[in-house]
Amino acid sequence: MSSSTRRRAVRTAWAVLTATSLVGIAGVQSAIALAGPTAQNAPVAAAAAPADSEYAQRFLEQYEKIKDPANGYFSPQGIPYHAVETLMVEAPDYGHMTTSEAYSYWLWLEALYGQATGEWAPLNEAWATMETYMIPQAADQPTNSFYNPQKPATYAAEYNHPSGYPSQLNTSGTVGVDPLANELKSTYGTSDIYQMHWLADVDNVYGFGNAPGPGCQLGPDHEGVSLINTFQRGPQESVWETIPQPTCDDFTFGGRNGFLDIFTGDASYAKQWKFTSASDADARAVEAVYWANKWATEQGKAAEVAGTVAKAAKLGDYLRYTLFDKYFKTIGCTSPSCPAGTGRDSAHYLLSWYMAWGGATDAAAGWSWRISSSHAHFGYQNPFAAWALSNDAKLTPKSPTAKSDWTKAMDRQLEFYTWLQSSNGPIAGGATNSWDGAYAQPPAGTPTFYGMAYTEAPVYVDPPSNQWFGMQAWGVQRVAELYYETGNAKAKRVLDKWVPWVVANIKVNGADWSVPSELTWSGKPDTWNAANPGANAGLTVTLKSSGQDVGVAGDTARALLFYAARSGDTASRDKAKALLDAIWENNQDELGVAAPETRGDYQRFDDAYVANGNGVYVPSSFSGTMPNGDVIKPGVSFLDIRSFYKQDPQWSKVETALRTGVNPTFTYHRFWSQTAIAGALADYARLFEGGGPTPTPTVTPTPTVTPTPTVTPTPTVTPTPTVTPTVTPTPTVTPTPTRNPTAACSVRYTSNEWNTGFTASVRITNTGTTALSGWNLRFDLTGGQRVQQGWSAQWAQSGQTVTATNAAWNGTLAAGASVEIGYNGSHTGQNPRPTAFSLNGSTCTTG
């Protein structure tokens, strides 16, 4: 499988069951003065940038592209798709899936938008949508009240290959005590779990119809999102070997036991529900809300985000489950019979790959179970979120032991990065408390970290999870945020070694830019000694390949910018800026930014299973069907149980590739990638240009939609101004402003309003035959509206007349060229659009 599969977010969990039933869980996969603080000074509060801040405007332009409903990033229910395109196979096996990852990036996007504009309704809206459609509702997890923390789950071993499944339940396997359940129930008055499930079929293309709230399996006729599962069968199970299954299995589809007997062996099977969270996504959500609260507080608007902040703290409370061993066994376990944990002795304090929970659908015969994960990947760690959850009074969870847990987790995670850092900078894989997923004895000489064994490629090996450079960008960005915000010395030491290697391996030469793509690892870390950490002289990395992954580029730039802003390092700042400039100048399109990618792994669409090798393994005893009638039986391929792909608009590309052996090329717009670029642009504006457009506390929009299972929230209710200057100012040419009484200009005015506020976007086009050097737009607001804040122009209002004069960088407007400007305004209930516009005294046409 090629690196382009981006197995960054493969969510692999393995089956487990309580009492009398099977557990089917899916697993969760330039030269400018440095404005940042020095290493000796704490970061200053985010300042407001001038309205013509170049990178703030780039951010706003990218933001609008993402939020424009015509561009296809969101479903009719207001849910972010994994990608605009549908034919896409990576961790999600269809482009119109969504993940908890996508939601967490959405929250980041809206936090950055709030900092730039002072508008916080979109952030609250994003959380409300997530809470409705991605956090299982009470009706989705109906039997949690039967959960017994003394017996969290029934043990089932993991296997290294899908052919080892179904895994037989083992009632004699020792399982420890869940130390969180009673505390969480006492704190929140419920046994329900407040975590995002990791994967959803937004368009119900599979047809399970597992709609949040209203029903179990509503089938193919259901229109809307459906929660599903995929990965479940060990580290060799790539996306190409998965068998999708419902989160609520009432045996309507699949075989006689639904999909359960593909994954777990049991004497009999019961209808059940099951969910899996991805720790990195939930932690990223907390991370984003920390910044939102900080910036809103600086703007005097903390009250506007207080409800969302409280919910993020609650999410962080339940996220503690991922800090424990899968079956709550003691740390350092090397045998299935090792001691069961009774308290914090089962806590590794690392963000492990997932936590999962499930139970019976029948409350009359109720049972429920919970597990965490024994495997920890460095790329999932988030010491910044851990710091926020233990140091920010607004974000510290309510449970009595949460603060101490997250305090220890922050320190342990920083040690983890230090332990895994190669001699030349990048961070190696991770560690496990359950060797081979079965609590086996690790090979002699395996380095350890507080008793956990070093694993070069934790959780998945097709391709190896330590190979994709995106994990470096993700994991280390959070370290850089922590260093920027607190000056943490341990974080700085990690960054001081990581940053130079990364800067040296980012290449920028116009359109021929690249960032690291694949890494090759050699050696092992030293066994961890907290008092005297080793130098890891035997652990090295080499660059295997580079590429143009815009998402990786964006998040790598973010890591470099946070580091530069605190340390004063100009090399990292300048490289990040050069990278962002190259992408902005060479990779923009109407949907955002993108680069073509060749997908060699798409040759696996029609691969049948090869014994002990690749392909979809189906147990010989199983026969069943997908909701659309696709047959599930031994010998089927990925495509055989996803025949809907043959109707995809881009299917002919794959069909040709399968026939000719020539790998196809696609251009994708992943939600997380677009947001990563937007985030980097916003970071540069805030950290090095002064912060973005000036927020105006007098405009206080509030969310008007509270989504419920029967209400369709729309994230596009407040689209933002598009800023697209199409002409670079040329100081050697200074024509006088053209005044053309025969309508040498055209104006397009759009606005979106809420309660007593609105956002207006204005596109000005020079329809004359000569360039303008300097322009002034006039129009009237006849409904009593007031301009509160504008961008990309100098705004003024006298009575009802509004004028917008060009900024320094967009005053030259060539014949046929356009410029986009905008403003936030207030109204008293009426918001009529302007009916006439003039540019330099000439009347403009409108459209």
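Placement of Cβ uses the backbone N, Cα and C atoms for every residue, glycine included.
Keep in mind it's a predicted model, so treat the numbers as computed, not measured.
The following features are taken from TrEMBL:
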- Glu101: active site, proton donor (ACT_SITE)
- Asp280: active site, nucleophile (ACT_SITE)
- 692-742: region 'Disordered' (REGION)
- 694-718: compositional bias 'Pro residues' (COMPBIAS)
- 719-737: compositional bias 'Low complexity' (COMPBIAS)
- 738-847: domain 'CBM2' (DOMAIN)
- 825-847: region 'Disordered' (REGION)
C-alpha spacing of the residue listed as 'active site, proton donor' relative to the residue listed as 'active site, nucleophile', in angstrom: 8
Neighbour count (Cβ, 10 Å) for Asp280 (active site, nucleophile): 32
For Glu101 (active site, proton donor): DSSP state (helix, strand, coil): helix
Average pLDDT across the domain 'CBM2' (738-847), rounded to a whole number: 85
Residue distribution over DSSP helix, strand and coil in the domain 'CBM2' (738-847): 0 helix, 63 strand, 47 coil
Three-state secondary structure, which DSSP defines for Asp280 (active site, nucleophile): helix
